[in-house]
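Listed features, source Swiss-Prot:
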- 2: N-acetylalanine (MOD_RES)
- 19: phosphothreonine (MOD_RES)
- 20: N6-acetyllysine (MOD_RES)
- 20: N6-succinyllysine (MOD_RES)
- 26-35: transmembrane segment (TRANSMEM)
- 67: phosphotyrosine (MOD_RES)
- 69-76: transmembrane segment (TRANSMEM)
- 80-89: transmembrane segment (TRANSMEM)
- 107: phosphothreonine (MOD_RES)
- 109: N6-acetyllysine (MOD_RES)
- 111-120: transmembrane segment (TRANSMEM)
- 123-130: transmembrane segment (TRANSMEM)
- 137-145: transmembrane segment (TRANSMEM)
- 150-158: transmembrane segment (TRANSMEM)
- 178-185: transmembrane segment (TRANSMEM)
- 189-198: transmembrane segment (TRANSMEM)
- 218-227: transmembrane segment (TRANSMEM)
- 242-251: transmembrane segment (TRANSMEM)
- 242, 243, 244, 260, 261, 262, 263, 264: NAD(+) binding site (BINDING)
- 252: N6-acetyllysine (MOD_RES)
- 254-263: transmembrane segment (TRANSMEM)
- 266: N6-acetyllysine (MOD_RES)
């Protein structure tokens with residue numbers, strides 16, 4: 001393992017088994033295109049079948065690879081505009097700098113962030129500064145890795161309050177076929193996950209979480225099976241007897257269909273189950 005993942009990506013393989021391939025209660029459409037000059041367009045829209053609320057977003061991205069620059073423009077149906085400029089591996093190898101800003105014309109709210117990330121063998125370091133009206137906040141994270149073992153720490157410091165408002169710690173072990181991840185958030189929330197790639201077609205995951213002072217433990221298991229190169233089936237269940245099912249099929253190159261359902265195992269005949277439909281086009 002040359003470079004460890006960022007703190008946010010610790011345990012990502014297990015989370016992906018639980019989250020990818022599902023879209024309960026949503027009808028979703030995604031479109032990705034790329035022009036000849038390298039300009040990338042990504043648009044998405046979704047409708048909530050319960051609230052009938054429709055949301056959408058548009059993103060354009062241009063990479064100036066000669067100078068390690070990436071320019072991104074974003075817009076969503078809440079009428080929030082965003083601009084992101086990233087420069088990577090230019091000032092120093094492994095160093096990534098990002099300026100991220102957003103503006104909402106309806107409310108006049110503005111936000112700006114400066115994100116820095118530095119990675120090299122055995123180390124992944126990040127520091128973000130969020131410039132808020134109430135006062136800047138600083139979020140820092142560090143992950144160390146050695147022979148598959150990982151240890152990470154994340155903190156958030158709010159200058160307006162002059163105190164640390166978040167303190168998280170994680171430990172894990174990672175190989176190509178197996179991953180173990182445990183974390184403690186603010187000394188009160190505990191979690192863990194296990195990821196196992198059984199073979200080329202089957203992936204499994206287990207997660208566990210609980211809060212200090214609360215006897216309610218959250219537990220779930222999930223699996224993803226690659227039926228063939230164009231189709232895969234996903235399933236998951238938790239200790240609340242909620243059963244999730246997902247099926248993804250590549251109809252033709254660039255067109256992908258996703259069907260999903262969330263069933264209440266305690267009230268199978270009572271209704272109230274959620275269905276989802278997703279279409280993804282890529283050209």
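Sequential numbering from 1, following the chain as shown.
Every residue gets a Cβ built from N, Cα and C, even glycine.
Within the chain, the transmembrane segment (26-35) has long-range Cβ neighbours (under 8 A, six or more residues past its boundaries) at 41-49, 258, 276-283. Same-chain neighbours of the transmembrane segment (150-158): 4-5, 7, 10, 135, 137-144, 164-174, 181, counting only residues six or more beyond its ends whose CB sits under 8 Å from a CB of the stretch. In this structure the alpha carbons, written CA, of residue 242 (NAD(+) binding site) and residue 109 (N6-acetyllysine) are 39 Å apart. Other Cβ atoms within 10 Å of the Cβ of residue 67 (phosphotyrosine), summed over all protein chains shown, number 10.
A count of other CB atoms within 10 A of each Cβ picks out 260 as the most crowded of the recorded positions 19, 107, 260.
Pairwise Cα distances among 242, 243, 244, 260, 261, 262, 263, 264, the recorded NAD(+)-binding residues, top out at 14 Å. Contacts of residue 244 (NAD(+) binding site) defined by a Cβ separation under 8 A and a same-chain sequence distance of 6+ are given as 22, 24, 222, 234, 235, 236, 237, 260, 261, 262, 263, in order along the sequence.
Among the modified residues listed here, namely 19, 20, 107, 252, 19 has its C-alpha nearest to that of residue 266 (N6-acetyllysine). For the transmembrane segment (123-130), the list of distant contacts is 3-7, 111-117, 136-145: same-chain residues at least six beyond its ends, Cβ to Cβ under 8 Å. Of the listed recorded positions, namely 2, 242, 243, 262, 263, the sparsest CB environment within 10 A is found at 2.
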